[in-house]
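What follows is a short report on a single structure.
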Amino acid sequence: MLAGAVAFLIGSILNGVAMNIGVLIFGRLLLGVGVGFANQSVPVYLSEMAPASIRGALNIGFQMAVTIGILAAGLINYGTAKIEGGWGWRLSLVLAVVPAVVMTAGSYLLPDTPNSILERGQPEKARQMLQKVRGTQHVDAEFQDLLDATEAAKKVDQPWTSILQPRYRPQLVLCILIPFFQQLTGINVVMFYAPVLFKTLGFGDDASLMSAVISGIVNVLATMVSIYSVDKFGRRMLFLKGGAQMFIFQIAIGTMIAVRFGVNGDGELSRWDANILLLFICAYVAAFAWSWGPLGWLVPSEICPLEIRSAGQGINVAVNMIFTFIIGQVFLSMLCHMKFGLFFFFAGFVVIMTVFVYYFLPETKNVPIEEINQVWKQHWFWGKYIPDEGLVGLSRNDEGRDT
């Protein structure tokens, strides 16, 4: 986290003072390094630190920060676009220094997780940290789970090759498909290009930026819903309900654009039509924000055993960033060629991913992170891949978690 924060800080400064395109691109590359490091480390950190009963809510704090950042960026862009003299873009970019400084200071002050401390051979320090973050001296059962997981991890020298073994097939498949599906929801069509999309549909310049801000506000509020409900109703319920809502409103958006603009793209939106379309888009954004948005980071960070956790999260981030890049590059061409069909395209993928979750994703609510393999073992499809010796804490389940 600290390494990523420093890269983000340097990149922000370079973007603000850039005098040519080369410096600007180099600054952007450093921002990419910072984002990559943070996306890899923060969800895992939160999942390892959090008690099982509130792991989902605390982990979604990461996505909450992301949505607040998206909203802040929209507000900043709305304000700096009005600055005369052609330097508003520079202010917009250099203000990234503010979260970069917070991230740098925060990561410097944060302690390591008990899992990480134990894996580096400091059991007493790990126990003390676990007692501190749990607020109790009675952590024997959970600490034993960590010890068992650490012993299993020591037998794995190369997590990047080990994750290819059949015993880790469920984690590998989910760490690839969840970020892949997350991007194929089409959310970045809205979040990256909201001003362009709204302007194309007939909104004015100011209205386009303000509409992007409105969708950003909805994003933040809906993420709060996820924080409240993820440990109460579970991951699967949010995935399934969110998928259904996204599908409905993507079809509604595509149909409305088809009716108003047709296959030739000729037409216009009345003020009433524009407001209805904005409502549909906000409903779609809300569905993503309390389902695939936060859960796309939460679930991969909690399903991998300690010995492959870093590799699993690394794969999750890499797949996510690769498809973020691809969709960001091809969206405008797809919009020009497919027009309203683009929303039907993404709606089709939402159906596929929702069916996949229904059949292949077990519920991990309230399960201690080092005992997740027990959930895989009980699954109708994945159970055959999990060996009995890979189960941590099995003998203590009947005794309960609390002492």
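Cβ coordinates come from backbone N, Cα and C, glycine included.
Given the structure is predicted, the values throughout are model-derived calculations rather than measurements.
The domain 'Major facilitator superfamily (MFS) profile' feature in TrEMBL is assigned to 1-365.
Annotation source TrEMBL lists transmembrane segment at 58-81 (among others).
Within the chain carrying the transmembrane segment (87-110), a Cβ under 8 angstroms from the stretch's Cβ atoms is held by residues 1-2, 4-6, 8-9, 11-13, 15-18, 27, 31, 34, 38, 45, 69, 73, 76-77, 80-81, all 6 or more beyond its ends. For 87-110 (among others), the entry in TrEMBL reads transmembrane segment.
Proximity of distant same-chain residues to the transmembrane segment (172-196), defined by a Cβ-Cβ separation under 8 Å and at least 6 residues beyond the stretch ends, is recorded for 70, 74, 77, 163-164, 208-209, 211-212, 215, 219, 246, 250, 281, 284-285, 288, 292-293, 295-296, 299-300, 303-304, 312-313, 315-317, 319-320, 323-324, 326-328, 331-332, 335, 342-343, 345-347, 349-350, 352-353, 356, 360-361. Annotation source TrEMBL lists transmembrane segment at 172-196 (among others).
Residues annotated as transmembrane segment in TrEMBL: 208-230 (among others).
Residues annotated as transmembrane segment in TrEMBL: 242-263 (among others). Beyond its flanks by at least six residues, the transmembrane segment (242-263) meets 185-186, 201, 269, 273, 276-277, 280-281, 283-284, 286-288, 290-292, 339-344, 346-347, 350-351, 353-354, 357 of its own chain at Cβ-Cβ distances under 8 Å.
The transmembrane segment annotation in TrEMBL covers 275-293 (among others).
Residues or ranges marked as transmembrane segment in TrEMBL: 314-334 (among others).
Per TrEMBL, the feature transmembrane segment maps to 340-361 (among others).
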(message) Same chain only, please: residues at least 6 beyond the ends of the transmembrane segment (208-230) with a C-beta under 8 Å from a C-beta of the stretch. Say none if there are none.
(response) 56-57, 60-61, 63-64, 67-68, 70-71, 73-75, 77-78, 81, 190-191, 194-196, 198-199, 237-238, 278, 281-282, 285-291, 293-295, 298, 365
